[in-house]
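First up is the structure itself, then whatever we jot down about it.
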Amino acid sequence: MPAVVIANTGDVPEFEGKITFNVIVCVVIAACGGLMFGYDIGVSGGVTAMDDFLKKFFYEVWERKQLAHENNYCKYDNQKLQLFTSSLYVAALIASFIASRTCSKYGRKPTMQLASIFFIIGVALTTFAVNIEMLIIGRLHLGLGVGFANQAVPLFLSELAPAKIRGALNISFQLFITIGILIANVVNYAVGKIHPYGFRISLGIAGVPALMLCLGSLAIHETPTSLIERKKVEEGRAVLKKIRGVDNVDREYDSIVHACEVASQITQPYHKLMKRESRPPLVIAIVMQVFQQFTGINAIMFYAPVLFQTVGFGSDAALLSSVITGLVNVLSTFVSVVLVDRVGRRALLLEACVQMFITQCIIGGILMKDLKITGNLPSGDALVVVIMVCVFVAGFAWSWGPLGWLIPSETFPLETRTAGFSFAVSSNMLCTFVIAQAFLSMLCHLRSGIFFFFAAWIVVMGLFALFFAPGDERRSC
């Protein structure tokens, strides 16, 4: 893949080729990595709202939940319960740096295969866990899978996609994450009445997308960039012809070869990243990941059923509300696929900041006014909270969600791309760990103020998007 070029005009060079069935198949299979990650995001919040799961692994939380006088904001405040969700992201953070090397040395495809294997092992351990220790070990294996997948899949999609639709196809990773969340929410709702092993079914189904990725990756091509980067130039040319559906790929091939030659001169990509000329894309990549998490989106996605129970919904109603939220998430990501290469990156980021800020303030205001320490939120207010959560999720899903991955994949030059993207992934995992581990405790101590906390971050994000974020500029090819 040629080096990253930030063009003033935002034009994308026209190489020979078309959108082939081969590319679509590769994209769908690779994006199962997003499905895998998304399902885990959705399932972790769902099972923590299931009484059978709490009685088995977190009896103290279940016992506290039954008390009528228990503080609404604090009934789920338990460090071990938060560790169940957050432990995955510690392993993912570590894996992202290892995955950077495997991507460069062995290719994107083997890295995705390794991700699926780790994930399948993690699914087996969590599904059949008999104690908290086994549960956490399983989550750590899931984290290794997520770390490897989140490093390899966006790179794979970015390098495989034709330049003119790279933005849209690359967002398929985020789209599959949202589909995974929705599927997890539906499964949680469906098995919530199966006692006492419904939560094990939810956890076990996580193995399906991992198995799809593992088997499907045997049939897909490595990217031409990765092949040429590893000196398999003729194979790289052959794959390029196949995925573009034409014989004349000389211009694109030459640009990839040139970029790989430049990249091969960089023996220490992490050292190169620290140089002054490499800092702008590195800073943008890291900041995008920090801001993506401090919108509060994963606090809502992880703990949506818990959050809805906090404001007064019953267990079934809370899980159903999460299904609705997940559906909005998927549909809104489709909006991003359509608009990203038409409207531009900066415009989507700015519009979403306004939308998310307003909804967070409304949710915080309602809870501050009407949700007391004990008792439920009035039904009308609870409905408004669900609607505002959906509007918030919609804004995130067509902006900071997909663009948090797309923009870093577009701005790093090839010689530092895998190293740079590992920083992006690890930053995302670190911030996700912080939010997952702290949210329930913050909800307990800040109460409704937690939503104003995230709203303040969104103001900072808006200023960043206005003055520093890339607009409709795209990588040259």
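The backbone N, Cα and C atoms fix where each Cβ goes, and this holds for glycine too.
Note that this is a predicted model, so its numbers are computed, not measured.
Per-residue pLDDT, averaged along the domain 'Major facilitator superfamily (MFS) profile' (26-473), amounts to 87 for this model. The domain 'Major facilitator superfamily (MFS) profile' annotation in TrEMBL covers 26-473.
Tertiary proximity for the transmembrane segment (19-39) is limited to same-chain residues at least six positions away from its ends with a CB under 8 Å from its CB atoms, namely 112, 115-116, 119, 145-146, 149-150, 152-153, 156-157, 160-162, 165, 169, 172-184, 205-206, 209-210, 212-213, 216-217, 219-221, 242-245. The transmembrane segment annotation in TrEMBL covers 19-39 (among others).
Sequence-remote contacts of a segment are chain residues at least 6 beyond its ends whose Cβ falls under 8 Å from one of its Cβ atoms, and for the transmembrane segment (81-99) they are 40, 44-45, 48, 57-58, 61, 111, 115, 118, 132, 135-136, 139-148, 150-152, 302-303, 422, 425-426, 429-430, 432-433, 436-441. Marked as transmembrane segment by TrEMBL: 81-99 (among others).
Among the features that TrEMBL reports, transmembrane segment is placed at 111-130 (among others).
Among the features that TrEMBL reports, transmembrane segment is placed at 136-157 (among others).
As annotated by TrEMBL, transmembrane segment applies to 169-191 (among others). If one looks beyond the transmembrane segment (169-191) by at least 6 residues along the same chain, the residues whose Cβ comes under 8 Å of a Cβ in the stretch are 23, 27-28, 30-43, 46-47, 49-50, 153-154, 157-158, 160-162, 198-199, 201-202, 205-206, 209, 301, 304-305, 316, 319-320, 322-323, 325-327, 329-330, 332-334, 336-337, 340, 397, 401-402, 405-406, 409.
Annotated transmembrane segment per TrEMBL: 197-220 (among others), in sequence order. With a cut-off of 8 Å between Cβ atoms, the residues of this chain six or more beyond the transmembrane segment (197-220) that come close are 25-26, 29-30, 32-33, 35-36, 39-40, 43, 46-47, 50, 52-53, 56, 109, 112-113, 115-117, 119-120, 123-124, 126-128, 142, 145, 149, 180, 184, 187-188, 191.
Annotation source TrEMBL lists transmembrane segment at 282-306 (among others).
Sequence annotations record features per position, and here TrEMBL assigns transmembrane segment to 318-340 (among others). For the transmembrane segment (318-340), the list of distant contacts is 42, 45-46, 49, 167-168, 171-172, 174-175, 178-179, 181-182, 184-186, 188-189, 192, 300-301, 304-309, 348, 386, 389-390, 393-399, 401-403, 406: same-chain residues at least six beyond its ends, Cβ to Cβ under 8 Å.
Within the same chain, residues 295-296, 311, 336, 339-340, 377, 381, 384-385, 388-389, 391-392, 394-396, 398-400, 403, 447-452, 454-455, 458-459, 461-462, 465-466, 469, 471 sit at least 6 positions outside the transmembrane segment (347-367) and bring their C-beta atoms closer than 8 Å to a C-beta of that stretch. Among the features that TrEMBL reports, transmembrane segment is placed at 347-367 (among others).
Under 8 Å from some Cβ of the transmembrane segment (382-407) lie the Cβ atoms of residues 154, 167, 170-171, 173-175, 177-178, 284-285, 288-289, 291-292, 295, 297, 300, 304, 307-308, 311-313, 321, 324-325, 328-333, 335-337, 339-340, 345, 348-349, 351-353, 355-356, 359-360, 362-363, 366-367, 376, 424, 428, 461, 469-470, all in the same chain and six or more residues away from its ends. Look at TrEMBL and you will find 382-407 (among others) tagged as transmembrane segment.
Note on the transmembrane segment (419-443): residues 73-74, 76-79, 81-83, 85-86, 89-90, 92-93, 96-97, 99-100, 143, 146-147, 150-151, 154-155, 269-270, 272-273, 278, 281-282, 285-286, 288-290, 292-294, 296, 298-299, 302-303, 306-307, 310, 404-405, 408-409, 412, 450, 453 of its chain, located 6 or more positions outside it, place their CB under 8 angstroms from a CB of the stretch. For 419-443 (among others), the entry in TrEMBL reads transmembrane segment.
Per TrEMBL, transmembrane segment is recorded for 449-469 (among others).
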Intrachain neighbours beyond the transmembrane segment (136-157), with Cβ under 8 angstroms and 6 or more residues off its ends: 26-27, 30-31, 33-34, 36-37, 40, 83-84, 87-96, 98-100, 102-103, 108-109, 111-112, 114-127, 129, 169-170, 172-173, 206, 210, 213, 223, 405-406, 409, 417-418, 421-422, 425, 428-429
